[in-house]
Amino acid sequence: MKIGVFIPIGNNGWLISETAPQYKPTFELNKTIVQKAEHYHFDFALSMIKLRGFGGKTEFWEHNMESFTLMAGLAAVTSRIQLYATAATLVMPPAIVARMAATIDSISNGRFGVNVVTGWQKPEYEQMGMWPGDDYFTRRYDYLTEYVSVLRDLWGTGHCTLDGEFFKMDDCRVSPRPQSEMKVICAGQSDAGMAFSAKHADFNFCFGKGVNTPTAFAPTAARMKTAADAENRDVSSYVLFMVIADETDEAARAKWELYKAGADAEALSWLTDQSSKDTRSGSDTNVRQMADPTSAVNINMGTLVGSWASVARMLDEIDTVPGAGGVLLTFDDFVEGIENFGRYIQPLMKTRQHIGIEQKEVA
């Protein structure tokens, strides 16, 4: 099972809480995190893109770095780990993204890929006059399909000519091209998003569900597998979980209860309000799950709370779900969390026993 880290490109990571660790994103912080992840043989690191936050007392996600430039820097200070940046496709022309990606491919020696997002938070784009109107909610995957076709053409052949609805390319060129096949990933959870991923993505991210229910995402993975099978493609699901771990179950649970008690109500209200703006998509979108009041304090990603052994056991359970290819992890404290994961949790995981063999070979 592949394991990646969803690095904290925005302040406070993924905990919307006054009692969680409070910090701003910096290159040095993310360098430390990704280098630790590489040391402990994580398979990949992903950074999101966020152009406006949720406010509140914690100013949640009001302080964000830019994804491609951050990953370019991280590419230069790592050697093995796969790196993914996120393209905000509404404000980043595909020909420019194709060239930036090819450049980072060169910096990383072929370890780079691109996560594409359509954009759901209207104020991110309205603030710069680039929101295309609310009809976009129903057309966003049509837009993304053209966008990715431009990327694939430029990376694959070095040129693109397209007379599309959203993009006009007249012998557009990119060179040098990537030395390795450029992976495109997506996080489609709605029917439209999964249909897109089934046709165009190399793998698809989805949310884990609940607290200490590691296989509850199985119906989502099954939907993705069905959609991919219909396209005769293999598109596995990579599942997003937060790990809150300690030496004992009781100590880990105490952390989780503390974070929930300090939930930033004002920031959560903003999230709920923004999730209601899209009245045209179905009820199965990512943002609908993020705003669910059940566990909005960490945007309702799956949460694994427990001792080193408990978390290791639950992570192994994820691998039993058909269609699951890996996990994308966040932590309450990333530096400490990855260190503890590498030293205490991963050695207990049956699905990561090959790591011990690799470490001996490196030594």
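Placed from the backbone N, Cα and C atoms, the Cβ positions cover glycine too.
Per Swiss-Prot, FMN is bound by ILE49, LYS50, ASN115, GLU124, ARG140, TYR141; the candidate from SER180, SER190, SER236, SER237 named for the same site is SER190. DSSP assigns GLU124 (FMN binding site) to a helical segment in the three-state reduction.
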